[in-house]
Structure formats: structure tokens, C-alpha cells
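What follows is a structure written as C-alpha cells; I'll ask about it next.
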Amino acid sequence: MAEGQPLVLNYSDYGSLPNEETYNLNNASTPAVLNDSPLTPNKRNSLKIILTCSWINCLLIFIPFGYLAHIFKWSDTWIFTLNFLAILPLSKLYDFATVDVSLRVGQSIGCLLNATFGNAVELIVSIIALSKGEIRVVQTSLLGAIISNLLLILGMSFVIGGFIYHQQVFNQIIAQTSSGLMTLACISLIIPAAFNFAVNGNTFNDNGGSTRQLVDLSHGSAIILLIIYILYIFFQLKTHSNLYQIEEEEEEPQLSLSTVLALFVVVTFIAALSAEYLVDSIRGMAESSGLSKTFIGLILLPIIGNAAEFTTAINASARNKMSFAITIAAGSSMQIALFLTPFLVILGWIIGQDLTLYFQPFETVVLFISVIITNYLILDGKSNWFEGAMLLATYTIISLAFFLYPMKL
């Protein structure tokens, strides 16, 4: 590569993060450049590229069926199921569009775009649920997304990569930073639970146990977490960007910029409609199926938003790019814990919904256990299939516990 030539990310090849020996070989931040494809595809070819970017796009056929189920007032179980399947591929389309834009603007802004849009589906579903006063659905879906990333996605990555390569290594410094940030996020949930126990005793009511003091504590903690997230972005993109450099290889964007922007708009509109119908059907779905809202929010809804992360992380581990898989799983959890959750708390403050950082004690303990075992297994910078099996076993036990949890909320 000639000196001064802009660097272009190759996300499809899942470039690995540099190891310790190469940290000082490339510490300069990648400049933002406008890298447009020399051959802009026509509309028909663009549509073909979008529809064939992933096998999961075959589920797009459920989008009109989800709308019809709502219009003709089918049972809530059908409405939930069809819109659930419809939203799954939308997460992957967000990921595809974000990567295509990232190829134009360089690594630094590309990472920021991935951080912003990586959990767009979770954000849309949570905002709609919050606006409808479904506080428990919002809390459990956020918690479930964190646990799913840490245990299910990371566990499957360890298992797949471990069977293929016996043992894999990854960036230990990034793993330690992720562990510290997830521990901080866990502390932000434990303190409100301890505060509520000290002030009100072990009580929890339908509005999230929100006394005035607990709401104020959550608002203050949310602001602090957002500041930490901003500092983390600055740490990742500026002061210690050499630790997060991704292997650079030439690749051109597949779509024109206008097509990508239009894809963002269309996917957001479709996801918002499907998410609204899905949220409206949760109560009826819970009553007819016997499942609690807690199980639906904590186990089922995270599958929607984590579909893209799941396939990308599995492919990365299969290519022996475990550092990238760790970045996907742990990074997505951090974005939810340090950005999405506090953002929704602040948004609830603005619109008059008392969303707090106080979760049920059982849920707080589950998050603490998930963070502890994940931190323990990734701190050595090595992984194998048996460590993945331990993470999957923990996730299975948690799922079984919430399936049998008697509290119907």
C-alpha cells in the first residue's frame, strides 16, 4: 500500500485485531475518506445484492403476513410469531448497510457507525415498548440482549472455533477493557437494587419499584454511564486506537450511497411497524401461552436484535478471527449496557415514563453471574470449545429458570 493511501476496511473477511507484537506498528488513526464504488449498480442489481446478502433474508416474506395478521385481528400468538420472524432479517440488513457505509468513511467513523446502528432493532423495539408503558418488557429485553451476547453468542463462537482450531487466541487487552466496562454496568444495576432493599425492603411493583429517590438515582447513574460510554469511544477511536486496528484489505462498497441511505430509511420504517404490532401482542401472547412477560422479554426478544451479531461472530470464529468475535459479542453488550439502557432511562424521563435501573433481584443476580463467568473465561486471552460449552450451559440454566419463574408480569 502506498504511503498516504487511505485504508479501507474489509468486514466480509472479518479482519482480526493485531496482537501484542504489532500494536506499535500501526497506531495512526485511519482518516475519514469518501470511498465510492467505481461501478454503481443499477436498481435491479442493487435489490439483488440486498436480498442475497444473507440467507436469513428469506424470512422477509413474513413482513406482509405480520401486517395482515394485525389488520385482520388474528390471535395475538400469530401476530407475535409472524412479526417476530419478520424483524429477524431486518437486523441483518442494518448490519449490511452499516458495513457498506463504513467502507466509504474510514475506520474511525466506521466503528462509530457500527456502535450506533449495531443495536438499532433493540432500540426501535424498546422505544415503542417504553412509549406504551411496557416498562418490564423494556427492562427484560435489554437484560436479555446483554446475557445473550455474553453467553449464547460468545459460547457458540468458542465452540465452533474450538472444534475447528483446537485453541484460539485473542486480544487480551481488549478483553480486559470489556470485562471492566461490563463490571461497571453490573454495578450500576446492583446499587439501585441494594438502595431499594435498604429503603423499601425487598419489594417490587408493576411500575418497576420506582420511588422518587430510586428514579433520581437511576437518572443520575444513566448520565454517568453515558459519559463513560463517550469516554470509551474516545479511548477506542483516539487515544488507544492502535489496540483496535482491524486488518486492512481493499474492498469496494457494493451499493451507491443513495441506495444505502434509502435502505436505512425503509428498514427503519418496516421495523417500526413490525415492532409496534409485536409489542401490542405481547400481553395477549403471554396470557394465551402461559409464558411470563419476563421470559418473552429476556429470552425471546433478544433473538431479534442479536441475529446479525450471532451469524457474524460465528463466521468470524470459524475463520480463526476470535478477536473480532469477542469485539462483536462483548462490544454489543457494552453498547446496550452503557449506551442503550441509560439512553432509554433518559428518554423515559423526558416522555414521563419512570424507567429505572432497578431490576428484580433475581434478574440482577443473573446478570452478575453472566458477567463473572464471562470475565473469568476471557481474561487469559485464549478460548476452546469446552469454555464455550460452559457459557452455553449457563445460558441454558438461566433460560430454564426464567421459563419456570412463577411471577407473571
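Quick reminder: no glycine exception, Cβ is built from N, Cα and C everywhere.
Nobody curates TrEMBL annotations by hand; they come from automatic prediction.
What TrEMBL shows for this protein is this:
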- 77-237: domain 'Sodium/calcium exchanger membrane region' (DOMAIN)
- 261-403: domain 'Sodium/calcium exchanger membrane region' (DOMAIN)
- 49-72: transmembrane segment (TRANSMEM)
- 78-97: transmembrane segment (TRANSMEM)
- 109-130: transmembrane segment (TRANSMEM)
- 142-165: transmembrane segment (TRANSMEM)
- 177-197: transmembrane segment (TRANSMEM)
- 217-235: transmembrane segment (TRANSMEM)
- 255-275: transmembrane segment (TRANSMEM)
- 295-314: transmembrane segment (TRANSMEM)
- 326-351: transmembrane segment (TRANSMEM)
- 357-378: transmembrane segment (TRANSMEM)
- 385-405: transmembrane segment (TRANSMEM)
For the transmembrane segment (326-351), give me same-chain residues lying six or more residues beyond its boundaries with a C-beta closer than 8 angstroms to one of its C-beta atoms, as numbers and ranges.
17, 115, 118-119, 122-123, 126-127, 130-131, 138, 142, 145-146, 149-150, 153-154, 157, 170-171, 174-175, 178, 181-182, 184-185, 188, 215, 218-219, 221-223, 225-226, 228-229, 232, 244, 306, 309, 312-313, 316, 357, 374, 378
Are there three or more C-beta pairs under 8 angstroms joining the transmembrane segment (177-197) and the transmembrane segment (217-235), sequence spacing 6 or more?
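Contact between the transmembrane segment (217-235) and the transmembrane segment (177-197): present.
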Go ahead and report the DSSP secondary structure tallies for the domain 'Sodium/calcium exchanger membrane region' (261-403): helix first, then strand, then coil.
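The composition, in the requested order, is 121 helix, 2 strand, 20 coil.
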What else in the chain is close to the transmembrane segment (385-405), if you only count residues 6 or more beyond its ends and a Cβ gap under 8 Å?
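That would be 147-148, 150-152, 154-163, 291-292, 294-295, 298-299, 362, 366, 369-370, 373-374, 377.
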Any chance the transmembrane segment (357-378) and the transmembrane segment (177-197) have 3 or more Cβ pairs under 8 A, given the pairs are 6 or more apart in sequence?
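Answer yes, regions in contact.
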Need a quick answer: max count of Cβ pairs under 8 Å to the transmembrane segment (295-314), which of 78-97, 177-197, 255-275 is it?
78-97
Checking distant contacts: for the transmembrane segment (177-197), what same-chain residues at least six beyond its ends satisfy Cβ-Cβ under 8 A?
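The answer is 146, 150, 203, 209, 211, 213-214, 217-218, 221, 224-225, 228, 232, 235, 326, 330-331, 333-334, 337-338, 341, 356-359, 361, 364, 367-368, 371, 374-375, 378-379.
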Any residues 6+ beyond the ends of the transmembrane segment (255-275) with a Cβ under 8 Å from its own?
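Beyond its ends, the transmembrane segment (255-275) has Cβ neighbours at 36-37, 40-41, 43, 46, 49-50, 63, 66-67, 83, 86-87, 90, 93-94, 97, 100-101, 104, 117, 120-121, 124-125, 128.
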Counting only residues 6+ away from its ends, which parts of the chain sit with a Cβ under 8 Å from the transmembrane segment (78-97)?
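Residues 50, 53-54, 56-60, 62-63, 65-66, 69-70, 117-118, 120-121, 125, 255, 260, 263-264, 267, 270-271, 274-275, 277-278, 280-282, 284-285, 300, 303-309, 311-312.
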